[in-house]
Amino acid sequence: MEFSLDNNINNGAVIKVIGVGGGGGNAVNRMIEENVKGVEFITANTDVQALKHSKAETVIQLGPKYTRGLGAGSQPEVGQKAAEESEQVISESLQGADMIFITAGMGGGTGTGAAPVVAKIAKELGALTVGVVTRPFSFEGPKRGRFAAEGIALLKENVDTLLIISNNRLLEVVDKKTPMLEAFREADNVLRQGVQGISDLITAPGYVNLDFADVKTVMENQGTALMGIGVASGEERVIEATKKAISSPLLETSIDGAEQVLLNITGGLDMTLFEAQDASDIVTNAASGDVNIILGTSINEDLGDEIRVTVIATGIDESKKDRKPHRQTRQAVQPMQQTTQSVEMDQPKSQEEASAFGDWDIRREQNTRPKVDESSLEQVDKKEFDTFHREEPNHNDDELSTPPFFRRKR
């Protein structure tokens, strides 16, 4: 029996990266300079002058009638209306993509206002949509910070996963003498590594193979995400590479609490099974929860002694973290050490009603005594209820005033 491949089947997932606004356009240019492969680049902006410097294959002027190519003037509503005017052009440029990265700098006009519109279009086309945005420096002012927060909230509603890079953390990572362009390149590396890592996962065959379906499983409708790549060599190479991959100092989130992790390990012919286990153990311990790890390994002889670890972690929203303690409200009961108060709190009503001891409870002081028919008590001699069977003396007031010693002598 002979088998043949359908020539109409796509040989690989189509990945597109669209930079929206000035910050997004700069990020795309730097990725092209870094020679990122297997991706189609698009730049969209309201500013015609900025578009002239774009190195992307496809360039889109947003809202030519509304803004006349003059930019959004740091007003998000202008950026939004400009993107809405150009919806058809945006849709045509994104057509055919399986995965779309949307990158923008939040807080300004075009990126903040247009990025959510672009994301909505991407989702409507059925593409796996990932947002990678930067939050402005605090010294840029509270108004810009407020615009950024509002834009991020809107974007999050229209993407599958979202990575937020904090510009403030650049001040903690880079040296004081680091040139500005080099500092911003550190932020762009988060996007570049994520895009290149996913592109490599999809296009390069692996010994334990990962494909686009695995990426989609981990990233679809998962909220806040973490993506990172770590490379190291030497005896502790897999430990160092994995720690680098899961600890991006510029991202506003950590892997702690992740529910889904895609982990790919690439090494030379000397990569061992135990190294794959070590990487998985590090990720599992860092996630510190009931994490689902999808593991892949691939061999690349060109790496030599180096090992490369790619991590995509999702499902780490703060709201999900807040709900975690509620799943662990009940604790294991330790006999002879449980206090009365904790028993009351942990004992479910169903157990109280269907207890093996019936209605009897060791906490007698809290039990409700059964009601007794008072009419039946009138027919019972009081002596039967006297615990010590003592007769109640019938004495008058004079006897009470007489000491007991003299009363016995009478």
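Even glycines carry a Cβ here, placed using N, Cα and C.
Quick caveat, the model's predicted, so the values are computed rather than measured.
Of the listed candidates (ASP160, ASP175, ASP188), Swiss-Prot assigns ASP188 to the same GTP site as GLY22, GLY23, GLY24, GLY25, ASN26, GLY109, THR110, GLY111, GLU140, ARG144.
Close to ASP188 (GTP binding site) in the fold, though at least 6 residues off in sequence, lie ASN26, ALA27, ARG30, MET31, each with a CB less than 8 Å from its CB. Secondary structure at GLY24 (GTP binding site), as computed by DSSP, is helix. In the three-state DSSP reading, THR110 (GTP binding site) counts as helix. Counting other CB atoms no more than 10 Å from each candidate's CB, the binding-site residues ASN26, THR110 peak at THR110. Of all the binding-site residues listed (GLY22, GLY24), GLY24 sits in the most crowded Cβ setting, with the most other Cβ atoms within 10 Å.
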